[in-house]
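The compositional bias 'Low complexity' annotation in Swiss-Prot covers 348-361. If you look up Swiss-Prot, you'll see Y13, Y413 marked as phosphotyrosine. Feature annotation from Swiss-Prot assigns phosphoserine to S312, S331, S333, S417, S427, S437, S462, S465. Residues or ranges marked as phosphothreonine by Swiss-Prot on the basis of similarity to another entry: T489, T612 (among others). Annotation comment: Swiss-Prot describes 401-466 as region 'Spectrin--actin-binding'. Among the features that Swiss-Prot reports, region 'C-terminal (CTD)' is placed at 467-617.
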Amino acid sequence: MHCKVSLLDDTVYECVVEKHAKGQDLLKRVCEHLNLLEEDYFGLAIWDNATSKTWLDSAKEIKKQVRGVPWNFTFNVKFYPPDPAQLTEDITRYYLCLQLRQDIVSGRLPCSFATLALLGSYTIQSELGDYDPELHGADYVSDFKLAPNQTKELEEKVMELHKSYRSMTPAQADLEFLENAKKLSMYGVDLHKAKDLEGVDIILGVCSSGLLVYKEKLRINRFPWPKVLKISYKRSSFFIKIRPGEQEQYESTIGFKLPSYRAAKKLWKVCVEHHTFFRLTSTDTIPKSKFLALGSKFRYSGRTQAQTRQASALIDRPAPHFERTASKRASRSLDGAAAVEPADRTPRPTSAPAIAPSPAAEGGVPGAPVKKAQKETVQVEVKQEEAPPEDAEPEPSEAWKKKRERLDGENIYIRHSNLMLEDLDKSQEEIKKHHASISELKKNFMESVPEPRPSEWDKRLSTHSPFRTLNINGQIPTGEGPPLVKTQTVTISDTANAVKSEIPTKDVPIVHTETKTITYEAAQTDDSNGDLDPGVLLTAQTITSETTSSTTTTQITKTVKGGISETRIEKRIVITGDADIDHDQVLVQAIKEAKEQHPDMSVTKVVVHQETEISEE
């Protein structure tokens with residue numbers, strides 16, 4: 001049978017397949033023609049009309065799914081990857097970009113003016129390379145279709161952004177395009193028209209994260225896959241069973257009305273495929289039964305995203321050559337890190353988790369019990385105490401120098417408590433290595449603490465403070481105000497709940513605590529009463545940011561105490577995850593970020609607290 005497939009680059013691929021060929025046979029031939037190895041994200045679509053399509057089932061014969069001849073299909077992205085950077089090959093990302101360009105132009109992926117200009121500039125950079133005034137005319141952007149309603153203002157903005165790019169390769173431009181496109185609310189959403197039980201027109205959207213409900217182009221509800229227990233359809237009705245919430249006792253079923261039985265079945269199949277591909281680690285098959293069975297036997301027969309990533313990791317071939325059709329530029333993909341991590345990408349924000357969240361908790365069947373929950377708390381306190389700058393400071397006497405040397409001593413207190421001699425989870429060698437790494441980390445941290453330097457804000461605040469007194473010449477008296485006090489405390493605690501022993505009624509914890517305190521004190525003058533002054537609070541500010549796996553709370557307080565301005569910054573980072581976390585790496589990262597953000601301040605206190613919960617099997 002003769003087949004005709006419209007590709008994403010507006011070309012047509014024609015071939016002849018056997019009469020009993022299945023959908024996977026044709027898809028495999030198309031991917032071989034395009035030199036695509038990561039083919040599981042793509043599929044072949046049959047278009048009923050201009051807005052409605054049906055995916056070709058890979059496991060069934062083509063002739064049973066197509067009405068009449070000719071056999072016309074389109075090659076499209078079926079499963080939009082949540083993180084395109086994890087795709088192995090640049091050619092896969094390029095075809096994903098082509099699909100997203102079609103989605104934008106057709107209006108399926110709405111964008112703001114600023115986003116359209118940014119994505120359009122990356123499209124031009126990918127197709128044409130760096131701006132060259134000798135090659136590119138005054139309106140070279142008008143040759144590209146970048147938006148549904150493309151205006152001259154948009155083209156001028158695209159040209160302005162494109163001219164600012166220097167030495168950005170096509171692969172880097174594609175990756176930047178995808179990094180911005182994946183943040184759009186309608187990215188990868190498959191839309192289906194429906195009605196609610198009251199007959200109000202709505203649209204149901206299926207994506208990698210779950211089922212979305214839209215009304216008048218606004219999202220009014222969301223059902224993530226972990227909360228969906230069952231998906232079913234009956235005649236033209238579509239039902240989802242929702243897991244009960246914390247305050248609920250029973251499961252709830254929500255129904256929707258679709259235009260026809262065929263539309264309800266198509267929506268059900270799309271939901272099953274998306275749930276299986278993005279949530280499960282492997283596909284399951286229905287065992288063949290000799291008796292008549294009720295219900296649909298449809299199951300997603302392809303590979304899941306987890307299996308696709310495993311297969312992609314085994315790809316061992318040179319980066320393939322492919323032609324960018326818009327400009328007819330032969331492009332060779334970048335190798336390795338240059339494509340995945342371009343040099344001009346912005347660094348990870350400070351509030352982002354230092355450890356990537358593990359997909360283990362998201363994988364699997366919805367409702368599967370989580371066997372291990374782990375919470376990591378890293379608390380970093382940055383404190384700066386500084387004396388006001390003085391114009392004329394007298395040289396200290398020899399007695400004062402000796403007294404200060406005597407007082408600048410080290411007081412170290414180490415308390416060790418081990419309530420259990422035998423660890424049920426770790427060997428003694430592992431415990432010794434862990435403790436040695438913590439001790440080495442503390443030692444390196446204590447040696448690398450920089451001297452605090454006054455910031456410009458505190459200098460101005462101290463100079464104009466109403467609590468400071470000036471003499472006749474306008475100079476600050478040297479005897480007034482308390483001297484500089486430096487304090488530094490490091491506390492690291494490691495607590496784990498051991499697996500239950502043979503006595504079922506009692507849990508014996510393993511507690512290991514080490515405390516190290518180093519204090520530097522300067523001499524106090526007799527007439528100084530700065531410690532009795534509680535100080536005056538100038539400002540207090542709390543900033544909280546959240547990501548999918550961490551919460552960062554930053555509290556900034558500024559006080560004036562006896563003519564001394566004090567700035568205290570306390571940052572609390574709570575990281576939750578279901579995988580083993582490198583505690584030392586988290587601590588090093590937190591200290592490093594605190595020093596980079598506030599180079600003129602010193603870290604005085606670091607507290608690491610770990611909570612591990614192990615449920616009964």
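Each Cβ is built from the backbone N, Cα and C atoms, and glycine gets one as well.
Mean pLDDT for the region 'Spectrin--actin-binding' (401-466) in the predicted structure: 49.
For Y13 (phosphotyrosine), the same-chain residues lying six or more positions away in sequence with a CB closer than 8 A to its CB are K4, V5, L7, V30, H33, F75.
Sequence-distant contacts of S312 (phosphoserine), defined by Cβ-Cβ distance under 8 angstroms and a gap of at least six in the same chain, are L37, E38, L87, T88, E89.
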